[in-house]
Structure formats: C-alpha cells, structure tokens
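Undergrad: My structure is below; once you've seen it, I'll send some questions.
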Amino acid sequence: MAGPRACAPLLLLLLLGELLAAAGAQRVGLPGPPGPPGPPGKPGQDGIDGEAGPPGLPGPPGPKGAPGKPGKPGEAGLPGLPGVDGLTGRDGPPGPKGAPGERGSLGPPGPPGLGGKGLPGPPGEAGVSGPPGGIGLRGPPGPSGLPGLPGPPGPPGPPGHPGVLPEGATDLQCPSICPPGPPGPPGMPGFKGPTGYKGEQGEVGKDGEKGDPGPPGPAGLPGSVGLQGPRGLRGLPGPLGPPGDRGPIGFRGPPGIPGAPGKAGDRGERGPEGFRGPKGDLGRPGPKGTPGVAGPSGEPGMPGKDGQNGVPGLDGQKGEAGRNGAPGEKGPNGLPGLPGRAGSKGEKGERGRAGELGEAGPSGEPGVPGDAGMPGERGEAGHRGSAGALGPQGPPGAPGVRGFQGQKGSMGDPGLPGPQGLRGDVGDRGPGGAAGPKGDQGIAGSDGLPGDKGELGPSGLVGPKGESGSRGELGPKGTQGPNGTSGVQGVPGPPGPLGLQGVPGVPGITGKPGVPGKEASEQRIRELCGGMISEQIAQLAAHLRKPLAPGSIGRPGPAGPPGPPGPPGSIGHPGARGPPGYRGPTGELGDPGPRGNQGDRGDKGAAGAGLDGPEGDQGPQGPQGVPGTSKDGQDGAPGEPGPPGDPGLPGAIGAQGTPGICDTSACQGAVLGGVGEKSGSRSS
C-alpha cells in the first residue's frame with residue numbers, strides 16, 4: 001500500500017509538466033479578417049434633451065489685437081436721457097496756484113439779501129486826513145468844576161521892605177539886606193473863590209498835529225444804493241485761499257448738444273468674461289449676404305436610408321383643347337413607300353390643340369424607313385396646365401423585358417402632345433435596363449411638393465473641425481436701434497482733485513435790505529425778491545443811460561453804535577462751474593448691467609474652405625440588425641412631360657396584312673361629331 005501512495009505525487013508532477021510543455025508550444029495566430037457587416041438595426045428613439053450644463057470657467061485673456069483703422073464718423077445719435085445726479089464726492093486736495101485769468105465782464109446785479117444786519121466787516125485801512133476844519137462856533141459856558149488839589153509850594157518870594165519898629169521899641173532896624181528865612185509850612189487850602197466873569201473869545205489856535213488813527217468803528221447802517229461808479233483798475237490777484245466747503249448740488253441743467261463722435265481709440269485689453277445674461281429677443285433678420293465661394297467637395301458620406309415616397313402631387317391642369325383636325329377617310333392599305341429623302345429643317349410650328357382620337361385603322365404594311373431627318377429646333381416650353389381631376393387607378397401592368405441598349409439617334413421634330421391618359425396602377429418593378437447615353441438637358445420642371453420626412457439615417461462619423469474662415473467684410477451700418485434701458489448706477493468713483501481757483505469777480509451793487517422771511521426757500525425768495533429785482537434792474541438801466549459823472553467825496557459820518565449780530569444768511573445760489581478737474585484713477589469694475597437687446601443680424605460672411613481630415617480607423621463591427629420590412633411607397637407626383645426622346649432604330653418589316661375594307665360611314669360620323677363638339681365649345 002505504501003508503494004502506490006508514493007507514486008501518486010510523481011504522476012501528478014509528470015502530468016503538470018506535459019501540460020505546461022503543450023501550452024508553451026501553442027502560439028497565438030494572426031487575427032482573422034473582419035466579418036461581414038450585419039444588417040442595420042432599428043433606428044433608436046430620440047433621447048431626452050439633457051439639462052443645460054453649468055457655465056464654463058472664463059478662458060484666459062487673448063492677445064491684444066492690432067489697432068483697427070479709424071472708422072468713418074457716424075451719424076449724430078439722438079440726445080441721451082438726462083443723467084442721474086451722482087453722489088457728492090469727497091473734497092480733493094487743493095490744486096496748485098494757477099496763473100491769474102482775465103477779468104470777467106461785470107455781471108448783473110445779484111438779488112437783494114434777506115433782512116437783518118450782517119456780520120461786521122474787517123477794519124478798513126486808515127483814510128487820508130481831510131482838510132483842516134473851519135473855526136467852530138463858541139460853545140456854552142461849562143459848569144463849575146470841583147475844587148482842585150493843593151498845588152506844590154511856590155518859589156521863594158522877593159525880599160520884603162525894611163520893617164519899622166513899633167513905638168516904644170528900642171531895637172535897631174535890621175540891615176537893608178537880610179538873608180532869606182526858611183520856608184514856612186504850607187498853608188491851609190483856600191476857600192472856593194467867586195466865579196469869574198466869562199472871558200473874551202480867544203484867538204484861533206493853530207492846527208494841531210495829525211492824531212493817531214482811531215479804532216475802526218462798528219459797521220453803519222447800509223445806505224441806499226448809489227450810482228454805479230466807473231470801472232476800477234484791475235487789482236492784483238490775492239493769495240490762494242483754503243478750499244471752501246462743497247456747495248449744495250445745483251439744479252440739473254438742460255441736456256447739451258451731442259458733440260461730434262471722437263476717433264476710435266486703440267483696442268483695449270480684453271476684460272474678464274462676464275456672467276451669462278438672459279436670452280435676448282430675436283433680432284430682425286439682416287439683409288441677404290452675397291453668396292460665398294463654393295468650398296471643395298467633401299468626401300461622400302455614409303449612404304442614408306431611403307426616405308419615404310413623397311405625397312403624390314396634384315395633377316396638372318388640363319391644357320386647352322386643340323383645334324379639331326379634319327378627319328381623314330379610311331384608306332386602303334398602302335404599298336410600302338419608297339424611302340424618302342431627308343426633309344429640310346422645318347420652321348417651328350405653333351402648338352395645336354389635341355385632336356379627337358379617330359378609329360384605329362387596320363395596320364398597314366410597314367414602309368421602307370426613310371433617311372433620318374435633320375434635327376429640328378427645340379420648341380419653347382409651354383405653360384404648365386392646371387391640375388386636373390385624379391383619374392381612377394388602372395390595373396397593374398405586366399413586367400417589361402429588359403431591352404438592349406440602342407444607338408443614340410438624332411433628335412427629331414417634337415411631336416404633338418397626346419391627351420392625358422388615365423392613371424394606371426403601379427406595375428411591378430422590372431429589371432434595371434442598361435444605362436443609356438446622357439440625353440440633352442431638359443427644361444427645368446417646376447418644384448414638386450415636399451415629400452414626407454424620411455427616416456433618420458445612421459449618424460455619420462464626426463469629421464475634424466475645419467479651419468475658421470477668413471473674416472468677412474464689414475457690412476453696411478444697420479439702422480439705429482432703440483435706446484437701451486439705463487444700466488444700474490455704478491459705484492461712484494473717487495473724487496478728482498480740486499480745480500484751480502478762479503479770478504474773484506467784481507463785487508455787485510449792494511441790494512436793499514429785504515423783508516425777513518420765515519423760510520429761506522427758493523420759491524419764497526422769488527416771491528419776496530421778484531419785484532425788487534425788477535426795480536433794481538430798471539434803476540440800473542436808467543442810471544446806465546445817463547452820463548457818468550464822478551461826484552464829490554462826502555464827509556465821513558460819525559461811527560454808529562455796533563448793531564446786534566444778524567441771523568445767518570440763506571444758502572447762496574450755486575456758483576459758476578469750475579474748470580474740469582484732473583482725471584481720477586480708474587474705478588473698480590461695476591456689476592454687469594442687464595443684457596441689451598439682440599442687435600440686427602449681420603451679413604453672412606464668405607463660406608470657409610474646409611480641409612479634409614485624415615481617415616479614421618475602421619470602427620468595430622456592429623451587432624446583427626433585425627431584418628427590416630419593406631413597404632411600398634406612395635406614388636410620386638406626375639412630372640411635366642419631358643422633351644421627346646431620340647428616335648429609335650427602324651424596326652424589321654412586318655408581315656403583310658390582309659386588305660382592309662373602306663367604310664366611309666365611320667368617317668362621316670366622326671366628322672359630324674367633331675363639328676357638333678366644335679360648335680358646342682364655341683357656344684359655351
């Protein structure tokens with residue numbers, strides 16, 4: 001038992017070795033040829049349109065294009081709508097001191113101010129001292145003054161006379177010259193003396209020296225309006241003052257005249273791609289462009305499925321009936337005629353109406369074929385007849401036998417068109433005949449009715465993207481579209497620097513004090529000051545008509561007491577517009593405005609020339625399709641009669657028939673029937 005168990009692993013190893021050797025000896029063969037294509041499968045149903053994908057990321061900015069040629073100035077556009085007043089910007093830094101401008105002309109007098117005394121003005125310069133005044137009148141005597149203070153001790157008096165001793169004295173007299181004694185103590189103040197008499201008028205004193213200029217007195221009451229003086233000399237420009245506060249926004253002015261269109265500037269760099277706006281309205285179709293140059297013919301695509309037959313068109317209208325031809329008598333069978341000579345080219349005859357069908361005579365013996373005649377000129381195409389009633393469907397015809405290809409004969413004279421026969425059933429399709437030589441190009445038939453939409457063929461391979469065509473010429477300028485709606489107001493840009501300070505104007509005439517109003521509104525000012533302004537203008541006009549004569553300088557009046565401070569004045573009228581400031585830095589990009597209306601469609605550019613791409617790899621073999629079911633298509637619309645075909649080769653001479661019998665009764669009946677129909681047609 002131990003022997004067989006030990007041999008089992010060895011047998012397994014030998015079997016595995018043989019299997020591995022056999023597997024190594026096998027090699028992979030060459031791939032076989034592709035199998036035949038399977039039948040086409042059923043056309044798939046149209047899939048549901050997918051949802052619109054999210055907008056793609058904005059692409060990188062393209063290179064800056066070459067600057068275009070400046071275009072012709074366009075027509076002046078309609079005046080724009082008045083803009084919206086912008087927000088008040090911040091005051092810019094003061095500008096540099098400009099050169100003094102020319103002095104402006106004297107403006108009209110301003111409106112009088114509101115009631116109330118203004119703030120006192122700055123002290124004026126000291127005036128020139130006037131001439132000395134004359135001798136004034138003697139004033140009245142003044143009141144008695146208070147007792148004065150004791151004066152200082154006076155100088156020692158002169159020596160007194162020698163005194164005399166009184167009687168009984170034994171003393172000697174003092175010498176004549178005695179030394180002065182010491183000064184005595186100050187005496188008591190004396191009593192008020194009696195009032196002295198009024199002294200006489202003294203002499204006129206000399207003019208004193210010019211005193212120092214006194215302090216400026218308070219502003220006096222405003223005087224009446226004086227005459228307008230002559231225009232003074234132009235003063236020196238004052239120093240540049242600090243920038244004033246920004247005044248209130250002025251009233252909106254009338255829209256200005258649109259200026260001439262400027263030259264087209266250089267093309268700027270492409271900005272960031274904006275958000276996709278809503279779909280605009282369909283624009284008006286533009287003018288038809290010039291036909292483009294035909295591109296090279298592309299490679300034939302995959303053949304599509306046969307479309308369904310079109311709806312049968314309406315039958316053409318029945319043509320005018322031809323004039324009745326004289327019915328010929330039925331003759332006996334003629335002998336074979338001699339070959340006739342080639343007839344000369346006949347003139348083009350008028351197209352006659354179709355005659356009535358005569359009774360078919362017995363077949364005569366075929367004549368000897370004559371020489372082929374000269375081909376006649378091609379007749380003009382007749383008018384298309386109106387659509388007639390649809391006839392009943394005839395029985396299906398027997399399948400024809402495939403004929404041999406004949407030689408192309410010369411074109412014969414056009415035959416008279418026969419009457420339109422009844423429409424027969426669609427016959428079975430016979431075997432395809434051999435392709436004949438290409439005939440002469442026939443007259444173009446009228447466009448048939450459009451057929452039903454054929455089944456969708458299999459989608460072809462996607463060709464390579466052709467190169468973009470050259471840019472078309474600039475089309476004519478379209479008519480100006482309606483003005484678009486104004487966009488959203490953008491963020492106000494930073495304020496520009498302050499403009500140069502203008503030359504101070506000539507001070508106007510001081511107006512009369514107005515009546516203090518309750519409200520300093522514009523309407524209130526107009527109501528209060530309308531008449532006063534008219535009166536001031538009338539007075540000014542009257543004074544201007546008079547000759548100007550400088551008046552004498554009046555005496556300065558006494559300085560009045562300072563008046564109480566008046567109420568603050570109302571906001572003045574907006575001043576004249578200053579010069580334009582420097583251009584500020586470019587503002588930030590605003591939000592994209594609403595999408596404008598779609599413009600007119602431009603002219604169609606020239607067709608681009610496509611390039612044939614490289615042939616693609618052969619695709620994998622499709623799955624086996626389901627065999628399709630064939631359906632007979634609908635009959636197509638009958639086309640217009642084509643040009644007469646080439647005459648065929650003369651046929652073989654047939655067997656001679658039996659002699660016929662001439663029966664004139666049928667001919668007479670045909671004649672009578674034709675005359676009756678002719679008269680009936682005329683009467684109708």
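Every residue, even glycine, has its Cβ placed from backbone N, Cα and C.
As the structure is a computational prediction, the values presented were derived from the model and not from experiment.
Below are the features listed in Swiss-Prot for this protein:
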- 31-42: compositional bias 'Pro residues' (COMPBIAS)
- 55-64: compositional bias 'Pro residues' (COMPBIAS)
- 66-82: compositional bias 'Low complexity' (COMPBIAS)
- 130-139: compositional bias 'Gly residues' (COMPBIAS)
- 140-161: compositional bias 'Pro residues' (COMPBIAS)
- 177-188: compositional bias 'Pro residues' (COMPBIAS)
- 200-212: compositional bias 'Basic and acidic residues' (COMPBIAS)
- 221-237: compositional bias 'Low complexity' (COMPBIAS)
- 264-282: compositional bias 'Basic and acidic residues' (COMPBIAS)
- 344-356: compositional bias 'Basic and acidic residues' (COMPBIAS)
- 498-507: compositional bias 'Low complexity' (COMPBIAS)
- 558-568: compositional bias 'Pro residues' (COMPBIAS)
- 570-586: compositional bias 'Low complexity' (COMPBIAS)
- 617-628: compositional bias 'Low complexity' (COMPBIAS)
- N483: N-linked glycosylation site (CARBOHYD)
- 26-521: region 'Disordered' (REGION)
- 29-519: region 'Triple-helical region 3 (COL3)' (REGION)
- 520-550: region 'Nonhelical region 3 (NC3)' (REGION)
- 548-665: region 'Disordered' (REGION)
- 551-630: region 'Triple-helical region 2 (COL2)' (REGION)
- 633-661: region 'Triple-helical region 1 (COL1)' (REGION)
- 662-684: region 'Nonhelical region 1 (NC1)' (REGION)
- 1-25: signal peptide (SIGNAL)
Undergrad: Checking distant contacts: for the compositional bias 'Pro residues' (31-42), what same-chain residues at least six beyond its ends satisfy Cβ-Cβ under 8 A?
TA: 305, 458, 618, 621-628
Undergrad: For the region 'Triple-helical region 1 (COL1)' (633-661), what's the model's average pLDDT?
TA: 70
Undergrad: If you run through the compositional bias 'Pro residues' (31-42) with DSSP, how many residues end up as helix, strand and coil?
TA: 0 helix, 0 strand, 12 coil
Undergrad: Should the compositional bias 'Basic and acidic residues' (264-282) and the compositional bias 'Low complexity' (617-628) be scored as in contact, given a threshold of at least 3 Cβ pairs under 8 Å and pairs 6 or more apart?
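TA: Contact between the compositional bias 'Low complexity' (617-628) and the compositional bias 'Basic and acidic residues' (264-282): absent, because fewer than 3 Cβ pairs are under 8 Å.
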Undergrad: Counting only residues 6+ away from its ends, which parts of the chain sit with a Cβ under 8 Å from the compositional bias 'Pro residues' (55-64)?
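TA: For the compositional bias 'Pro residues' (55-64), the list is 267, 269-273, 275-276.
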